[in-house]
Amino acid sequence: MAPNVPVKNIHGAELKLSEVKVGVIFSCLPNNWVCFPITMELRPKCDGMPKESSPFINNTDNDKGNLYDGKNMALFEEEMDSNPMVSSLLNKLANYTNLTQGVKEHEEADDDEGPSPALGTLIGVYLPCLQNILGVILFLRLTWIVGTAGIMESLAIVVMTCSCTMLTAISMSAIATNGVVPAGGSYYMISRSLGPEFGGAVGLCFYLGTTFAGSMYILGTIEILLTYIVPSAAIFKAEKKEDEAEALLNNMRVYGTCCLTLMSLVVFVGVKYVNKLALVFLACVILSILAIYAGVIKTAFEPPDFPFFVCQIICLLGNRTLQNHNFDQCLKTMEVDNVTVTTKLWSLFCDSPDLNATCNEYFTLNNVTVIQGIPGLTSGVIRDNIWGDYGPNGMLVENKHQASEPAADTSQDIYMPYVANDITTFFTLLVGIYFPSVTGIMAGSNRSGDLRDAQKSIPIGTIMAIATTTFICIFNDSNNSPAIQVFGDSVKGNLVIGILAWPSPWVIVIGSFFSCCGAGLQSLTGAPRLLQAIARDGIVPFLQVFGHGKANGEPTWALLLTGGICEIGILIASLDAVAPILSMFFLMCYLFVNLACALQTLLRTPNWRPRFKFYHWALSFLGASLCLSLMFISSWYYALVAMLIAGCIYKYIEYRGAEKEWGDGINGLSLNAARYALIRLEEAPPHTKNWRPQMLLLLNLDSDHAVKHPRLLSFCTQLKAGKGLTIVGSVLEGTYMTKEAEVKKAEQNIKSSMTTERTKGFCHVVASSNLRDGFSHLIQTAGLGGMKHNTVLMAWPGTWKQSNDPVSWKNFIETVRETTAAHQALLVAKNVDSFPTNTDRLGQGTIDVWWVVHDGGLLMLLPFLLRQHKVWRKCKMRIFTVANMDDNSIQMKKDLQMFLYHLRLDAEVEVVEMHDSDISAFTYEKTLVMEQRSQMLKQMQLSRTEREREAQLIHDRNTASHAALNDKADAGPDRVHMTWTKDKFLTERNRNRAEANMGVRDIFNMKPEWESLNQSNVRRMHTAVKLNEVVVNKSQGAHLVLLNMPGPPKNRGGDENYMEFLEVLLEGLNRVLLVRGGGREVITIYS
């Protein structure tokens, strides 16, 4: 450039030559094969201004300066307000910090971002589950259950309950890995899977179960305190043996109420301290378990020498077990200084300590014997304790293998120091009492908001915790004596499992005490938050007051209600009576977790894509059936009461009108129901999770009213797989009065084609005065109530350029506009006749998705749906997105991979960089030809022959050499090709660049010819050419290419140009599906 040429920047300011960086890029025109400098890059050194993108130095085009800055994505610039560029949205999508339309109801994040979750599988799931499962029942009741039920029936109880929790954990893992589970855990999963009615009912049952669990843990804490640590602290003391049970219950009520008050104050004042102490409590549990194992191993090789361990011996009178609280030696008499004297045991059965005293008949007839309380694994205790020994309340505990002489008078037995049943025992009662020991499986899912990767941690941690605790319980089943009572009366009132421990029973006593304290605090911490979550959901109006709390969000009112309900359990005072109550509520919760998983699996909703693959609907149904069976096995009347409570809550929520829409499975199931379901569906649009393409298929018919493109029906079948709604529609031009017979014939032909192509749906043919109005009526009125289409599928008008009448492509563009106005998605299949049939089986190949703009996620949902069909099952999914000059392509790829991980989609990811390159001469020339042709057809009223001849002359003048080079002399005058193929374009561009030295024309000599072009059209053509080039380069061999469909121009004067842009965009591609979203989110990362 000459130094004296004035140079201006894009704002019109004159630049000095020293401030300008000059670069010349050579390009070529296809019509004269001469290369010349076409673009000058003018950019100040350091002012940060964008480079001049036009070949005209004084260009003042103002269409830039937005999200689509530059030329590369100009084809999509009119949609920038509603559909953001993927590159600008991807980072927020990957980190799910930008919740777009359709997922805002309940997933809205707090404005204040807290610290990122950091808990892993071990600390976040495995250990909390272990702490909750290995609790009060294991320490206080397992030995009694084994001693009463025997080893075989105890194993049956453990296997049944652990199978129930394992199956529930499998279902829960599937639900938990089906998207991001925010804080809320199991209640969130159930309510969002089964709807507000079931969610509210089961959520409140789960809350009641958690609250009564707090009562159970507090009662366990007091039982350990008063029975095994400080028995002298009892306030109420029994004067007679028959009053001991009532005195114990009163002590439990008083101390339990005090303990509840103290724990509630701790939770109210310092929840953070509860969480900090959780690991301390857990350490106590683990140490206690290890002490038990150490003791069992020790007894296997070295049985304890019971004279030195008084707490490890059992004293028998005949075959009856004695309470050894009040005597130290299991002897009637003993020698002291060669004198026979009576013992304390004698005084318990006789009226005086004298040898000639009157004694109980049974005491007189039978001798006392001593057996080991912990006989060891090699003693035959397993053989002797195979079967159970149930009995009524007050039945004496006897050793069936010991000989005895019965007494005639047994009326005084209840006043003697015998060990007797304190409750009536039977198998189903023991099931109800034992089940709470396996109810800690939700501890990990309840912490979902604190986990680093909940989708990975919840399945692994929960299942491993269940496997570990099942092994512990089964192992402990085999190491208990048949003569064991609840409170350790036969072993001097010691904790029965404690005498197993090594080195001291106090390890177990202290460990179990702190374990129960910690579990009680955790229940009082979790239950109010669960009630607060239910109240804030607003599904139960009278509970809304409990959604409020302190300024920091602590649920004060919910804590008060929880304490009140917990007090009811404490007033019951019996751990054995409270355990079956909470078993009912937890079993109902597990029942609906399994039901939710089975329902989602059978419905095959598009959003059901769990990362956890080891589930099956049959396992979920088995788990649900087992839960229901255990409810009635444990207590049929408690089961009926729990179901009645849940049913009343369900009907109340339904009566008050649950206005929440959570994308639940029940609502998805209602699509297949009749009037009631239609009315429900019409009340509100479906949730994002339930969204699936409900298809309106627009068919073209030939002169015989047969389907022109039957492969379009095949593709619809493959996409739908028989699920959801399909309406096949077509239009006949005319009135219904004159076209009635033809309409019926067309319907029969369409139904026949639908049967051939296995398309399940409805057929609807209408007669209209013109095709445009007919298709408009179908789009507006097809469907009924909630059974209404949300997606339109149609074929690309392949002959639009050869059509004598522009009505064909104008109808196509108007259909695009009307689907956009109706907020319906649009799918346009190009080269549809080459699509596979239902009998084809595509081999290894790819379905390529070109995600340019985000318009709801339909582009990513469609390949997933297609791959469910056997035709496309072996195809892999690849996702391409476009990075512009200012985008970080490496970070974009990471963000896209993270986003796909949250969506549970398996796909290869590639980010294609489209630099802001200069507009080529080829682009300008194609734009010039397009505008000349368009202007000619608009202004010249020519006959058909004259119009074709004139168009051919324009085309020949601009592409003569190009046509000659490609042997196109045989092209007829009635066929005008206005676009290039990829091969032709690449060949000529390389040839022209090779001949760049043939001559140079001054750029200013071309300015008058190109200045008349609409620069907006130039940029759009540039987008089409560049995007087509990268798509063909990457996806020419793909089985199917899915691409964002640019919207039509707002100015109808450019409709023909719009068709030309799309034609250029799709050149060189075989099977293409243009996708245009309906303006709402159709895919979500949430469960």
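Numbering starts at 1 and runs along the chain as displayed.
Cβ coordinates come from backbone N, Cα and C, glycine included.
Taken verbatim from TrEMBL:
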- 125-297: domain 'Amino acid permease/ SLC12A' (DOMAIN)
- 421-696: domain 'Amino acid permease/ SLC12A' (DOMAIN)
- 710-828: domain 'SLC12A transporter C-terminal' (DOMAIN)
- 835-1087: domain 'SLC12A transporter C-terminal' (DOMAIN)
- 123-143: transmembrane segment (TRANSMEM)
- 155-175: transmembrane segment (TRANSMEM)
- 187-209: transmembrane segment (TRANSMEM)
- 254-271: transmembrane segment (TRANSMEM)
- 278-297: transmembrane segment (TRANSMEM)
- 423-445: transmembrane segment (TRANSMEM)
- 457-475: transmembrane segment (TRANSMEM)
- 495-521: transmembrane segment (TRANSMEM)
- 557-575: transmembrane segment (TRANSMEM)
- 581-602: transmembrane segment (TRANSMEM)
- 614-631: transmembrane segment (TRANSMEM)
Candidates 155-175, 278-297, 495-521, 557-575, 581-602; stretch with most C-beta pairs under 8 Å toward the transmembrane segment (457-475): 155-175
Same-chain residues at least 6 beyond the ends of the transmembrane segment (155-175) whose Cβ lies under 8 Å from its Cβ atoms: 145, 149, 181, 186, 189, 193, 427, 430-431, 434-435, 437-439, 441-442, 445, 458-459, 462-463, 466-467, 469-470, 473-474, 477, 587, 590, 593-594, 596-598, 600-601, 610, 612, 614-615, 619-620, 622-623, 626-627, 630, 1087
Stretch-averaged pLDDT - the domain 'SLC12A transporter C-terminal' (710-828): 87
Highest-contact recorded stretch vs the transmembrane segment (581-602), from 123-143, 187-209, 423-445, CB pairs under 8 Å: 187-209
Non-local residues, at least 6 beyond the ends, that sit with Cβ under 8 Å of the transmembrane segment (123-143): 216-217, 220, 223-224, 278-279, 281-282, 285-286, 288-289, 433-434, 436-441, 443-444, 447, 450-452, 457-458, 460-462, 464-466, 468-469, 472-473, 476-477, 480, 484, 486, 495-497, 508, 511-512, 515-516, 518-519, 522, 575-576, 579
Number of helical, extended and coil residues in the domain 'SLC12A transporter C-terminal' (710-828), per DSSP: 58 helix, 26 strand, 35 coil
Cβ-Cβ under 8 Å with the transmembrane segment (254-271): same-chain residues at least 6 beyond its ends: 214-215, 218-219, 221-222, 225-226, 235-236, 517, 520-521, 524-525, 528, 554, 556, 559, 563, 566-567, 570, 573
Chain residues in Cβ proximity to the transmembrane segment (614-631) (below 8 Å; excluding those fewer than six residues from its ends, i.e. six or more beyond): 160-161, 163-164, 167-168, 170-171, 173-174, 431, 435, 583-584, 587-588, 590-591, 594-595, 597-598, 601-602, 638-639, 642
